[in-house]
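First comes the structure, then the notes that go with it.
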Amino acid sequence: MNVKQPIRLGVNIDHVATIRQARHTPYPSVLHAAFVAEQAGAGGITAHLREDRRHIQDRDIELLREHIETRLNLEMAVTDEMVAIACRIHPHACCLVPERREELTTEGGLDVAGHLDRIGETCRRLGDAGIEVSLFIDPEPAQIEAAARAGAPVIELHTGRYADARNDQERSIELEKLRHAASVAEALGLQVNAGHGLTYANVGAICRIPQIVELNIGHAIVARAFFSGLKEAVADMVTLLHTARWG
């Protein structure tokens, strides 16, 4: 693995839509946010079309697919409705995630090993439509091996436990799990992405895992944008990723 390979930043713009949906106004524009993120160096745009439509709406996905210049990564649950939407809109990539209506945000990885047939069938349907499929999973070898059996070419490692670690010892343990998981995935021929809970303060160590190709980050960027502006917030994260990988 070439440690000099740059990391692609996928900017998750869900929380731009969260602000809009709080008042059900036409602003702020998700599409405008995506344009600004691209201008600042984002390598892709990520959006989660949840079953309850709490933030991103169907029309947002359609507009993003029609107009952005980079990659659209659609996060979605493993349901027939979402597969049909993905096959109609045809994003560059789909990341399959677990989903519960009562959760504030995605709380854990997919149980691929426990639902191998259903997830495998979804991977086949999306793959047959020419859509790259990734599976959002915890950094557990059994889940990574199941992802390979399901036919997904990409995994996204759930970094939430690392991000939520209460002290340096816990953080070190979770970081080692991520490093080992990335090595297991590489040995199985899988592309490794990662995300969830990553911030400007904790992303550096993740960048130094050489197998990681893409990081999807949203909340921290949108939060910083309140004070510095979205373009600067994205540019700061792009610079941080490159410095951590190459420095």
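Glycine is no exception: its Cβ is also placed from the backbone N, Cα and C atoms.
Among the features that Swiss-Prot reports, 3-amino-2-oxopropyl phosphate binding site is placed at Asn12, Arg23, Gly197, Gly218, His219. Taking the Cβ of Gly197 (3-amino-2-oxopropyl phosphate binding site) as reference, residues of its chain lying under 8 Å away and at least six apart in sequence are, in sequence order, Thr159, Gly160, Tyr162, Ala163, Asp164, His219.
The feature 1-deoxy-D-xylulose 5-phosphate binding site is assigned by Swiss-Prot to Asp14, His15, Arg50, His55, Thr105, with sequence analysis given as support. Of all Cβ atoms in the shown protein chains, 21 besides its own fall within 10 Å of the Cβ of His55 (1-deoxy-D-xylulose 5-phosphate binding site). The DSSP secondary structure for His55 (1-deoxy-D-xylulose 5-phosphate binding site) is coil.
The annotation active site, proton acceptor is assigned in Swiss-Prot to His48 (among others). Neighbours of His48 (active site, proton acceptor), defined as other CB atoms within 10 A of its CB across all chains, total 24.
Among the features that Swiss-Prot reports, active site, proton acceptor is placed at Glu75 (among others). Counting every protein chain shown, the number of other Cβ atoms lying within 10 Å of the Cβ of Glu75 (active site, proton acceptor) is 27.
In the three-state DSSP scheme, Glu156 (site 'Transition state stabilizer') falls into the strand class. According to Swiss-Prot, the feature site 'Transition state stabilizer' maps to Glu156, an assignment based on sequence analysis.
Secondary structure from DSSP puts His196 (active site, proton donor) in coil. As annotated by Swiss-Prot, active site, proton donor applies to His196, with the evidence given as sequence analysis.
In this entry, Asn12, Arg23, Gly197, Gly218, His219 make up the residues listed for 3-amino-2-oxopropyl phosphate, with the farthest two CA atoms of the set 26 Å from each other. In sequence order, the recorded positions near His55 (1-deoxy-D-xylulose 5-phosphate binding site) (Cα within 10 Å of its Cα) are His48, drawn from Asn12, Arg23, His48, Glu75, Glu156. Each of the binding-site residues Arg23, His219 was assessed for Cβ neighbours inside 10 Å, and the highest tally belongs to His219. Among the recorded positions Asp14, His48, Arg50, Gly218, the ones whose Cα sits within 10 Å of the Cα of His196 (active site, proton donor) are Gly218.
A distance of 15 Å separates the Cα atom of Glu156 (site 'Transition state stabilizer') from that of Gly218 (3-amino-2-oxopropyl phosphate binding site).
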